[in-house]
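As C-alpha cells, the structure follows; a few thoughts come after it.
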C-alpha cells in the first residue's frame, strides 16, 4: 500500500519535472501565456468579474442607486421570486429561449437542406442573412408602420373586404409578434453558421446516401446532424446567451419609441431589471434590479453548462 | 532572464496605460473644481437635446451668462435620460454641477434621497429686483414637495407642465368660450360628436402614463389633490373600497364602453393616434401641455391648439395639474455657488418670455408671456385653487409601472370593468406593501 503511494508520488514528481523541463517549444509557450493572456484577463476582471461581484453585493441591499444602502440579506431575491410580474417576465425569457430557439433551429436546418442543392444559393444566403445586420430597433419602429390600425397591413387587407382586422398591436399580441420577428431575423444568422458546417461535409457521403436511396430526412439524421453536431452545439450556446439578454426589440416594440414603457405582457427578465432600476417614474430599486440580473446570470450559466453536457458527443473525424 | 524582463516590461506598459486612462477620467473632474469664484467652470447635464426649442433658449441664456460672469459652462445636451444617467454618477466624483428635469424624475433620485443641495441662496437671490422666492407662486409648493428635511427647497423650477382635453379651436371655437362644466356635460358632448358621425376621442392606448390620467384625474376631481396618493399609501387596501374610488373607475369605464374612443386605440403604437387627432381624425384628446410642440409639425394646416380642463366636480375647488420642470444641484457639485447663479439667471423675464412664446411651454413666472396655444391652460392654472401632480405624486419604487399602470391599462383598454379594477388594485396594493415594507 505504502509502496504504491510512494511510486505514485514518484511518478508525479517525475511528471512535474518533465513539465518544468519539457521541450523548448513548451517552455516558450508557457512563458508567453502570462503576457498574452494577462491583459485580456485583467480587462475581463476589471470590466466583467468585479462589476458582477459588485452587483451581487448590491443585490443584498435596499438602495436607490445613491445615498445610504441598507443591508437586507436575501430579501430582494425572495421579493423578486414572489413578484408575479418577475415570474411572468421569466416565463417570457424561457419562451424566447426554447420556443423561438426551436423554431429558429428547425427552420435553419430545413433551409440548410434546401439551400445545399439550390441554384444561386450564395445570393439566397446573403438575402436570408441580411435581416440580422439590421438593428432590432428598426424592426421595433417598423412594427408601428406595418401594424398600426391605419398601417400597411390593414391598408392591404381593405381591398379584400377585411373591415374588422385583428388588433395586431394589442398588448396581448405584442409578445407573439416579437417572437415572430426574432425568428425571422435570427434564422438567417444561424443558417449561415450551420451552412458553413454543412459545406465541410465531403460530397461522397451524399453520393453514398443517393446510392442507398436515403431520403432528405434520413440524410439529415444520419449524415448532416452527426457531422455538424459541434457547430450546432456552439450555435445553441450562442442562442442561449443572446436570448436571455434580449431587450431592445421589446423596449421599442411596445409603445415606447418615445414615451412610456412596454406593456408588462411582453417583459423579459432583462426588461424587468431595467424598469426596476431605471424606469424614471419612481424611486429606483437597485437591490431588486441587481437581484433580478443575478438570477438571469445564474440562469444562463446553468443552461449553458446543461447544454454543453447534453450536447456532448465524440467528435466525428472526417 | 530575458523573458522575465520582457514580462516585467509588458506589465509596466500595462500599468502605465491604466494610469493614463484613469488620469483621463480624473482630468475632467479636476477642471471643474476651480472654486466658486467668478469665471469658474460649470458642468451641466441637460434634459434637452440639441435643436429642441427649449434647448435653443437655454443655450442662448448660457451664452449671455458666460459673457456676463466670465464663467465657462460645459453643457452636455443629454436628453430626457439625463437624470437616469445621474444615478450611477452620484457614486463617483464625476458629478455634474447642475441638472434639470421634471419634478417627477428629480424627486426620486435627488430630492427624496437627500442628495440634492438646499437652494437657500438661490431663493434668497434677486432677479431683476424681485426675490426669487417671490417669483415662484406659493400655491405650487403644496403639491410639488421640493422642501428637504430642513424645510429648504432643493429644486428651482423654470417651467410647468399641465394637462387637459386638447382640441382644434378652429373647428370648435365654442369649446373655448364654454367648455363642458361637469362630467355629464362632457359625456353629452361626446354623445353629440358620436351622433354627428365624428370620432369623439383619440388616445394612444400603449402609453400607460396617458391612460392613467383618466382615473387619477377623475379621483382627484371628486376627492381633491393628493387623494390618489392617499389611497395608494393605505397598506390595508381598505381605501380602495371607498365609493368615490369606484365612481372614478366607473367614469373611465363609461368612456371606454361608450364607444367614444377612436378605433384601434388599444392596438396602436404611439404616436399613431395623436397624429390622427392632429390631422382631424378625432375631436378631443386628453394629454399633456407638451402636445402643441409635439404634434405641431404634422398638425393639419390652420389647426388651432386649445384645451379645456378635465371637467370639474360641483362643490370641489378648481384644481389643475402642474408639474415643475427645473433645476437641481447635487450635493457633490464642485461649484454650487455658480450653479445656483445659473439657475436663477434663467428666471430673467426675457428667457421666461421666450420659454412661453418660442418653446410654447408654461413658464414658471406668472408675469411671463405665453403662446396662444397655452392661453387656455394658463388661464386654468392661474385660476386654480389646488395643484396636483402626475400620478398624484406617487413615487414608491415600482408601484406606478408595475402595479398601477398594468391594471389601469386593463381598465382603459376595456378588458376589465370598474368593479374588477378596484378589486385588482386593492389586492395588488396590499401585496405591494407586504413585499415592500
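Note that Cβ sites are derived from N, Cα and C of the backbone, with glycine treated the same way.
The region 'Disordered' feature in TrEMBL is assigned to A:1-22.
The annotation compositional bias 'Low complexity' is assigned in TrEMBL to A:1-16.
Annotation comment: TrEMBL describes A:32-60 (among others) as transmembrane segment. Sequence-distant contacts of the transmembrane segment (A:32-60) (same chain, six or more residues past either end, CB-CB distance under 8 Å): 69, 71-74, 76-77, 286-287, 290-291, 293-294, 297.
Residues 121, 124-125, 128, 175, 179, 182-183, 186-187, 190-191, 194-195, 198, 216, 219-220, 224, 232, 235-236, 239-240, 243-244, 246, 268, 303 of the same chain lie 6 or more positions beyond the ends of the transmembrane segment (A:94-115) yet place their CB under 8 Å from a CB of it. Annotated transmembrane segment per TrEMBL: A:94-115 (among others), in sequence order.
According to TrEMBL, the transmembrane segment annotation covers A:127-147 (among others). Nonlocal intrachain contacts for the transmembrane segment (A:127-147), taken as residues 6+ away from its ends with a CB within less than 8 angstroms of a stretch CB, comprise 111, 153, 168-169, 177, 181, 184-189, 191-192, 248-249, 251-253, 257.
What TrEMBL lists as transmembrane segment is A:174-198 (among others). Outside the transmembrane segment (A:174-198), and at least 6 residues removed from its termini, the chain residues within Cβ reach (under 8 Å) are 92, 95-96, 99-100, 103-105, 107-109, 111-112, 115-116, 125, 127-132, 134, 136, 139, 143, 147, 168, 224, 227-228, 230-232, 234-235, 239, 246, 249-250, 253-254, 262-263, 265-266.
The annotation transmembrane segment is assigned in TrEMBL to A:219-241 (among others).
What TrEMBL lists as transmembrane segment is A:285-307 (among others).
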